[in-house]
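Noted in TrEMBL for the protein shown:
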type     : residues : note
DOMAIN   : 31-458   : domain 'Major facilitator superfamily (MFS) profile'
TRANSMEM : 29-51    : transmembrane segment
TRANSMEM : 71-90    : transmembrane segment
TRANSMEM : 102-124  : transmembrane segment
TRANSMEM : 130-147  : transmembrane segment
TRANSMEM : 159-180  : transmembrane segment
TRANSMEM : 186-204  : transmembrane segment
TRANSMEM : 271-296  : transmembrane segment
TRANSMEM : 302-326  : transmembrane segment
TRANSMEM : 333-354  : transmembrane segment
TRANSMEM : 366-391  : transmembrane segment
TRANSMEM : 403-423  : transmembrane segment
TRANSMEM : 435-454  : transmembrane segment
Amino acid sequence: MKLLARADTFMSFTVPEDEPKPTGVRRQVLAALSVSMGSLVVGFSSAYTSPALVSMTDRNYTSFEVTPQEASWVGGIMPLAGLAGGISGGPFIEYLGRRNTILATAVPFIISWLLIACASNIAMILAGRTLAGFCVGIASLSLPVYLGETVQPEVRGSLGLLPTAFGNIGILLCFVAGTYMDWSQLAFLGGALPVPFLILMFLIPETPRWFVSRGREDRARRALQWLRGRQADVEPELKGLLRTQAQADRHATGNQLVELLRRNNLKPLSISLGLMFFQQLSGINAVIFYTVMIFQEAGSTIDGNVCTIIVGVVNFIATFMATVLIDRLGRKILLYISDVAMIISLFTLGGFFYCKASGMNITEVGWLPLASFVIYVVGFSLGFGPIPWLMMGEILPAKIRGSAASVATAFNWTCTFVVTKTFRDMIDTMGTHGAFWLFGSICVVGLFFVIFCVPETQGKTLEDIERKMMGRVRRMSSVANIKPLSFNM
């Protein structure tokens, strides 16, 4: 406890009371909602296999055979393609721009869903999932970057969690619709979701920071004016962006790999990679991808589809709880709560499946899988769901943020692929109870990682975080301050 107190003292920071009030909030909300619609598509894509594989592997609904191994690839190919998308997303957002990169994913998303919906063989389904996964990888990188560079500090905390909230809405929508639709009908619904996303993206501007990085000062000024409102004085913020870019250009080596491997940059990058590792190795995507199957194997007394809807609702609600709590309790406290909740629920689930495999009578505790899943999802959504993505934008130095975020995103999708592709094999090898106990053990290690390695960033400017972590300071623009304005949702 002394160590924790000392760490908290070291990272303490007082937010000035005379913070400027945000201007043009309505337009920033529109920008956040527009890019968050892409996150809704991502959430729907991630959850698709959970309800779809049930009917896809049933010959009454499918004209071609889908073997268990092929079914595992339907779930596993998307995160593998997401890895490729995460790697490609870094160069895309630098050369095409943040908005154009996000916009460019809409049509491929539609094509991917049409490939799945009209599939006459497993190859078409895998092709559609691959294309969708590639777009998901790009979107998961570019959405938080766009918001970080357009939203003012006073509303960044609340609006910064909108993509996570909309992603959970996409998951919930998929679970609910999957109760009434087969895999093909569900894919047609998925093909309709990118349409409003495509329309909304045409209404918002490119980020001012990207225009500045390309030497387009007039375009940056117009973008800032749109985001901050017609009456706002954007010149001080624009000068800050120009000053930051000039300093970054002076220190740039021209080799991003050399920059990433510098000792000062390796520390924040390692923390971001560690958070991504423990986020995915907690088993979350195995739970989301195979929720219906897990409840069926549990022999739960509650219908599997009803259970998935309940899990989706809880996931959705818990995200808004995180929005309210994240700037009151801090990042580390929520990560502690998140990790402990996942440890308890995963070991409880493992115990349930062990008793079932041992032939014990579990009829009286048929509610236990659902209760454990609810606690697990609440815990994940409070901390390890949104915080690794939020802290990726907070702790990575501005000079390497694009390339480092690309590395962290690609690593996240690598872990996602490993977990989703091997989950079925893990169950076959060590039993369902062994798989959940393994995830729980990894969460125990993750708790120590948070205690000793993860800094508290609550209420700190990016400037202050960089000074504490790297021992140096660069002047940042006014956009760099973090003091979210809490919304009661």
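If you go along the chain as it appears here, the first residue is 1 and each next one adds 1.
Cβ coordinates come from backbone N, Cα and C, glycine included.
As the structure is a computational prediction, the values presented were derived from the model and not from experiment.
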Long-range neighbours of the transmembrane segment (403-423), counting only residues six or more past its ends (CB under 8 A): 72-73, 75-76, 79-80, 82-83, 85-87, 89-91, 137, 140-141, 144-145, 256, 259-260, 265, 268-269, 272-273, 276-277, 279-281, 283, 285-286, 289-290, 388, 392-393, 396-397, 435
Surrounding residues of the transmembrane segment (29-51) on its own chain - C-beta under 8 Å, 6+ positions past either end: 74-75, 78, 102, 105-106, 109, 132-133, 136, 139-140, 143, 146-147, 150-151, 155, 159, 162-171, 173-175, 177-179, 181, 183, 186-187, 190, 193-194, 196-197, 200-201, 203-205, 227, 285, 288-293, 305, 308, 312
Tertiary contacts of the transmembrane segment (71-90) (same chain, 6+ residues out, Cβ under 8 Å): 45-46, 49, 52-53, 56-57, 101, 122, 125-126, 129-142, 285, 289-290, 402-403, 405-407, 409-414, 416-417, 420-421, 424-425
Leading contact stretch, 130-147, 186-204, 435-454 vs the transmembrane segment (333-354) - CB distance under 8 Å: 435-454
Recorded stretch that, among 102-124, 130-147, 159-180, 186-204, 435-454, has the most CB pairs under 8 Å to the transmembrane segment (366-391): 159-180
Average model confidence [pLDDT] within the domain 'Major facilitator superfamily (MFS) profile' (31-458): 84
Contact ranking winner - 102-124, 130-147, 435-454 against the transmembrane segment (186-204), Cβ under 8 Å: 102-124
Remote residues contacting the transmembrane segment (102-124) - C-beta distance under 8 A, at least 6 residues beyond either end: 35, 38, 41, 45, 63-64, 66, 70, 74, 92, 96, 130-132, 134-135, 138-139, 142-143, 146, 183-185, 187-188, 190-191, 193-195, 197-198, 201-202
